[in-house]
Amino acid sequence: MATELLCLHRPISLTHKLFRNPLPKVIQATPLTLKLRCSVSTENVSFTETETEARRSANYEPNSWDYDYLLSSDTDESIEVYKDKAKKLEAEVRREINNEKAEFLTLLELIDNVQRLGLGYRFESDIRGALDRFVSSGGFDAVTKTSLHGTALSFRLLRQHGFEVSQEAFSGFKDQNGNFLENLKEDIKAILSLYEASFLALEGENILDEAKVFAISHLKELSEEKIGKELAEQVNHALELPLHRRTQRLEAVWSIEAYRKKEDANQVLLELAILDYNMIQSVYQRDLRETSRWWRRVGLATKLHFARDRLIESFYWAVGVAFEPQYSDCRNSVAKMFSFVTIIDDIYDVYGTLDELELFTDAVERWDVNAINDLPDYMKLCFLALYNTINEIAYDNLKDKGENILPYLTKAWADLCNAFLQEAKWLYNKSTPTFDDYFGNAWKSSSGPLQLVFAYFAVVQNIKKEEIENLQKYHDTISRPSHIFRLCNDLASASAEIARGETANSVSCYMRTKGISEELATESVMNLIDETWKKMNKEKLGGSLFAKPFVETAINLARQSHCTYHNGDAHTSPDELTRKRVLSVITEPILPFER
């Protein structure tokens, strides 16, 4: 019997309406003589500028999205009808999670499927309760004596939810020489579970480091002819990026399509996952329309032609940072800030002169609207748009929560612009910083700290003085995901930047500081990413100074960094894969299935 239609809104073709012409290839930065004529009117300023002078250009790819179509589309308002259906399905799944008679491994696999399918946020307290019962009843000790799969799965789930479990759980699967037993490689499911568990390691956990090497070496030896198409897809998916570092929505859509192929799939769980995915997608569409209207109203993309117009990519990034449906304010805030960051980064990196950049930095530090009188005309529009947007965000927070957050927002922007300015000085002076000097500035110029400051005030309901103090200091909760953001970004762009002779990049600075090859420097940067993840894992286990929703948001920023920069710079140069991902998360619903 066919199930009810779970598609809440019409699917949008990959090549129809939403896209403009295909994107051209990236062209290397070249100097040009630009005659710029801008005529801009806002409520507070109007100007006309004509200037002819040498300016650099990065020849960025143009925006490939049709904003008019986005603004004209309308989400199916019948979403309310589906909420009742979702509640009934949710109740059935909740009963399964809370079934105290369920076998340990059955329970663990159910929890794993719930989370992979994007439903974890619906069952947080139920999952925590089930894991509490699992531990208190001796479940962890029991599964470690029976199978590697059960041991690895329970280890990963427990660490993910803040339980302290020892890596020694894997000692029973090693021989007398301390090596993992060779016969384990015959159990592909167990090796996959071991691989995923190894990414929850802390600093100094050598057993898990060895487990990762062991699992990767055996998984890479497998072929589709040997293990079958379905299992090969799972292996390739895992090797591309481990589950712990994947963004939630992309993993959900992949897992739903993989799960529906299973003969023993839980149909109630699958139906809820599809319904939930499409319902949340309709929320994203509403959010995107709101943000798109703001972007059109601001008008920077049409006036500053030298800069990247990346609103859709910025919104997609924001979904990765805060995917839960209740965090619309966070998504809109982060998307707006990343759109500004992208354009202002191009001003500092490409277009502005050093004198102009110092003026702009001073204007942001002063946060005085009269500072626009000291700026060149193209900067006036940008500063005033930034000034009005941030003041509006601060006003809304004061109105809704009674907190004046403007000083914290403006400080974050001043810090970012100063970091941008330092990079511009290195470029203009043609100097190569040491790796430590570069990275001490670069993790801030990634914009990670700024985005997380804005995210904090959007997701945290009860703002605490201690949290504010640590927010301003860019506590480890903020700095470490920003480190990963910068390192992932630099890995994606290093080869191209080195070829152009640019010096300020993690890889190039590491090469010069250590006197090593690009290959070795790249490997070292990847190791830094792994070590940073171990520190973040430790903080999550040990408890954070910040509220849990913000901690998860910060970790998600690191995950989105992997997603965006894993196969190149998908923010600067979005390719076909990036566009497909954006569509799958934001516009294309998952079609219903047949029972």
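Every residue gets a Cβ built from N, Cα and C, even glycine.
Predicted, not measured: the structure shown is a model, and the values here were computed from it.
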Matching residue for the dimethylallyl diphosphate site, where Swiss-Prot names Asp345, Arg486, Asn489 - out of Glu271, Glu403, Glu423, Glu552: Glu423
Residues flanking the dimethylallyl diphosphate site, with Cβ no more than 8 Å from the Cβ centroid of Asp345, Glu423, Arg486, Asn489 and excluding those residues themselves: Ala442, Ser445, Ser446, Ser447, Asp490
Within the predicted model, mean pLDDT of the motif 'DDXXD motif' (345-349): 95
Shell of the Mg(2+) 3 site beyond Asn489, Ser493, Glu497, same chain only (C-beta within 8 angstroms of their C-beta centre): Asp490, Leu491, Ala492, Ala494, Ala496, Asn505, Asp569
Whole-number Å value for how far Glu497 (Mg(2+) 3 binding site) lies from Arg486 (dimethylallyl diphosphate binding site) (Cα to Cα): 15
DSSP-derived helix, strand and coil totals, residue by residue, for the motif 'DDXXD motif' (345-349): 5 helix, 0 strand, 0 coil
Non-local residues, at least 6 beyond the ends, that sit with Cβ under 8 Å of the motif 'DDXXD motif' (345-349): 58, 60, 304, 306-308, 357, 360, 379, 382, 417, 420-421, 423-424, 427, 447
Other CB atoms, at most 10 A from the CB of Asp349 (Mg(2+) 1 binding site): 20
